[in-house]
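This report refers to the structure that appears directly beneath it.
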Amino acid sequence: MTNMRKTHPLMKIVNNAFIDLPAPSNISSWWNFGSLLGICLILQILTGLFLAMHYTSDTTTAFSSVTHICRDVNYGWIIRYMHANGASMFFICLFMHVGRGLYYGSYIFLETWNIGVILLFTTMATAFMGYVLPWGQMSFWGATVITNLLSAIPYIGTNLVEWIWGGFSVDKATLTRFFAFHFILPFIIAAIAMVHLLFLHETGSNNPTGISSDTDKIPFHPYYTIKDILGALLLILMLMLLVLFAPDLLGDPDNYTPANPLNTPPHIKPEWYFLFAYAILRSIPNKLGGVLALILSILILVLMPLLHTSKQRSMMFRPISQCLFWILVADLLTLTWIGGQPVEHPYIIIGQLASIMYFLLILVLMPTASTIENNLLKW
């Protein structure tokens with residue numbers, strides 16, 4: 001009799017995705033981040049669910065309810081900090097996952113890549129709305145500044161902002177709807193992630209060489225299940241080190257001050273994982289221009305397949321492109337640093353140069369380098 005896992009309608013799906021899936025024999029640890037993102041999402045949904053049991057989405061009680069969770073709820077503090085730092089781990093995994101995709105040419109799988117970009121946008125929206133919920137100073141002013149960017153849209157901008165706010169400023173209505181959206185979006189992310197996986201399994205995984213691995217496949221289980229478990233253990237170790245030893249390391253002290261519309265914090269800045277985009281936004285001295293640059297800084301990922309001029313898929317055997325890739329990584333780290341600095345000399349000019357460099361690298365230098373490499377190999 002055939003094994004039940006190969007015949008049962010539900011188990012068959014699991015089997016074909018996680019057990020008998022033919023996987024390339026040479027995928028490195030950079031391929032671990034997909035499963036780690038899945039673990040992060042499950043962890044965020046679970047901790048978020050338990051937080052929602054004690055949280056109240058009203059401006060008068062939101063801040064107090066978070067304090068209540070940390071002080072009075074059994075293990076509330078650990079749930080709260082796992083959720084907050086879990087978001088940071090989520091974005092670390094996201095950036096690594098996208099970086100892997102760029103380096104090894106995974107964007108050639110168009111559907112998988114584009115759904116991935118949609119997932120990135122959705123996750124960023126979810127994280128932004130989650131940051132507003134504790135209703136601290138940075139929550140309130142972050143929400144005010146970011147939602148206000150929509151007013152740069154010609155003609156409908158102001159109406160749009162007031163529609164999102166549910167009034168004439170960030171207030172009760174805004175907090176309530178942000179909580180509702182923050183609750184529902186992770187489930188939408190989970191659904192889109194399923195589609196992401198579905199399209200990936202149509203083609204099979206890419207591998208470090210960028211060459212077809214159809215002639216050299218191994219079963220996902222036990223090889224990559226055990227490898228994923230190791231990755232998961234390391235992820236949980238990193239998360240718990242943060243949660244138990246430095247829970248506020250990545251947070252902003254201003255968020256321990258209740259929201260006050262009459263008092264603006266000296267430096268309004270988002271969580272660390274948005275700082276690179278925030279730096280690009282601030283580097284353009286025009287509101288609409290800044291907003292467009294902000295959106296384009298992420299949306300540029302959609303153009304990657306069009307900007308691929310190399311005859312090789314991966315950067316594994318392309319030293320010039322490798323150098324440019326790591327310069328891009330350094331540039332993003334520079335932007336992240338600048339995003340957290342006050343708007344004054346020399347930070348303004350550094351931010352502007354880093355922003356120009358970001359778009360120049362992706363749109364001009366990397367495609368040019370690929371063409372040069374093609375010619376060097378006399379192709």
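From the backbone N, Cα and C atoms, a Cβ is placed for every residue, glycine too.
Per Swiss-Prot, transmembrane segment is recorded for 33-53 (among others).
Summarising the annotation, Swiss-Prot assigns transmembrane segment to 77-98 (among others) and lists similarity to another entry as the type of evidence. For the transmembrane segment (77-98), same-chain residues at least 6 beyond its ends with a Cβ under 8 Å from one of its own Cβ atoms are 30, 33-34, 36-37, 40-41, 43-44, 47-48, 50-51, 66, 69-71, 116, 120, 123, 127, 130, 235, 238-239, 242-244, 247, 250-251, 271-273, 301.
What Swiss-Prot lists as heme b b562 binding site is H83, H182, and the listing cites similarity to another entry. Remark: H83 (heme b b562 binding site) has Q44, T47, G48, L51 as non-local neighbours, by Cβ distance under 8 Å and separation of at least 6 in sequence.
Annotated heme b b566 binding site per Swiss-Prot: H97, H196, in sequence order. Sequence-distant neighbours of H97 (heme b b566 binding site) (same chain, 6+ apart, CB under 8 A from its CB) are F33, G34, L37, G116.
The transmembrane segment feature in Swiss-Prot is assigned to 113-133 (among others); the stated evidence is similarity to another entry.
Per Swiss-Prot, transmembrane segment is recorded for 178-198 (among others).
The ubiquinone binding site annotation in Swiss-Prot covers H201 and is backed by similarity to another entry. All protein chains considered, the CB of H201 (ubiquinone binding site) has 14 other CB atoms within 10 Å.
Swiss-Prot lists 226-246 (among others) with the feature transmembrane segment.
Annotation comment: Swiss-Prot describes 288-308 (among others) as transmembrane segment.
For 320-340 (among others), the entry in Swiss-Prot reads transmembrane segment, with the evidence type similarity to another entry.
The transmembrane segment annotation in Swiss-Prot covers 347-367 (among others).
Counting residues 6+ beyond its ends, the transmembrane segment (288-308) has Cβ neighbours under 8 Å at 98, 102, 105, 107-108, 110, 113-114, 117, 120-121, 124, 149-150, 152-154, 276-278, 280-282, 355, 358-359, 362-363, 366-367, 370 in the same chain. Between the CA atoms of H196 (heme b b566 binding site) and H182 (heme b b562 binding site) there is a gap of 21 Å. Same-chain residues lying 6+ beyond the ends of the transmembrane segment (347-367) with a Cβ under 8 Å from its Cβ atoms: 279-280, 282-284, 293, 296-297, 300, 303-304, 307-309, 321, 324-325, 327-328, 331-332, 334-335, 338-339, 341.
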